[in-house]
């Protein structure tokens, strides 16, 4: 969230610096939606509004800045600037003085205070009869009543020019070339004092003398609100502020698990401002907690649709999709029910690759697979497939046998006999790692099943891991002491180990066995053990000490392992 609002803020700052104040307002608004308690964002948007001469909106944001950060002097500078734009010099003075109490040496506040005080002085001075033509709502009423000037009021640049002239009649000099302004103050529009062009020029150049001659007394000039759009924008701003308050109250209710109240508060926020999809995603979260999954998904769909219309942050859209996917998972009863949830999580990840969403996707895929296995489970069909595999094995068609055993395991993954049979196939095919894995799974499912030990021991024997094969056969004999396959396996291992201890291995066999032994982590640990290093040294240099070591069962066991691996030879 922090990265998103920082990104929006940076875009706003860039737009402001380029003079694109409308874009700046849009970017700052986006940042505020993501981080509604960041006082800097309100301050920046206030400045952008002021640059657009939207001083009412600028004032709302400035006051929000002060509310969030009352000890920040810049907030009062924004308030003062907004009041200056509204010609409310008294409140502007108060705002700048408050700011200077916090930061007495702030030059911006000092300059602002000076401007506001100058404005107070101008407000107390006499105004001209020429200026009277521009004051009050009468001018706007006349412009509205005349069909030839009424359409101009729909043009923002014309309204701004008229407001500027109303604030200071002398500013008319800047707009003399605009035909709309001249028509508004000509014979057809608002009548200027004196009637003739010559009198108009005198009024423009000598407003003070005209004031004295007319004996006009200054009256407070009300700020007109001629453009209806400004009222709508102001109302929209107020509704946004109210909506955020409802959201905050909803968040508090959600934390207290007061879900019914939270739903009502988020609903009010949505009614006040439908341009913030976080209200929808928050209400969806409440529905999710309440088990109202259909309502949750409806809010998520609305949030995605509205978010795309508003070009909302992709993270917000991803959040809505993730929440919908979670609701779909909660509703899933069969494996196919997980498919729309998985698809929704994948869509969310295309919007924003969130670790939490990725985790939910993996969990949904795993749950779907487990349900598929449960739905496919059929012990009777599994037995039929295993018998087909047995027939292929007898015919020495080992690949076909593997295929049938695999199908049998899909139907019943808990049958140790099928793992044992497939391990035998893999051994015949020379796929020893796969055979070892199946044999170990067979033992895991049924530790008393002797076939599992014969399969595992056979694989280890073919891998020339005679010590390990011996341990496997002996483990099986604990459950079936008279099992001939296990007894034969022990005998074969003993022969191979004696062959190594007698030094009867060919150079090629010895080299192969040593290379394999050096890859064994257990052999590596024995060779790096300082105690065993001393023992092996004594065998070469101190036979008496070596005899003492031979009495230690642990040492003898390690020596046997080294002999079996071909690392240590006894002559």
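One is the number of the first residue shown, and numbering goes on along the chain from there.
Cβ atoms here come from the backbone N, Cα and C positions, even for glycine.
Note that the structure is predicted; figures quoted are calculated from it, not measured.
From the options 92-113, 114-135, 136-157, 158-179, the stretch TrEMBL describes as region 'Disordered' is 114-135.
When TrEMBL is compared with the stretches 3-48, 187-232, the one noted as region 'Disordered' is 187-232. Here the repeat 'TPR' (243-276) has long-range neighbours at 33, 36, 282-283, 285-287, 289-290, 306, 310, meaning same-chain residues at least 6 beyond its ends whose C-beta is under 8 angstroms from one of its own. For the repeat 'TPR' (5-38), residue counts in helix, strand and coil come to 27 helix, 0 strand, 7 coil, using DSSP. For the domain 'STI1' (520-559), the DSSP counts in helix, strand and coil order read 35 helix, 0 strand, 5 coil. Across the domain 'STI1' (520-559), the prediction's mean pLDDT works out to 75.
Using a Cβ-Cβ cut-off under 8 Å and counting only residues 6 or more beyond its ends in the same chain, the repeat 'TPR' (382-415) has close neighbours at 373, 376, 421-422, 424-426, 428-429, 445. Within the same chain, residues 416-417, 419-420, 423-424, 427, 432, 435-436, 438-440, 442-443, 489-490, 492-494, 496-497, 512-513, 516, 520, 560-561, 564-565 sit at least 6 positions outside the repeat 'TPR' (450-483) and bring their C-beta atoms closer than 8 Å to a C-beta of that stretch.
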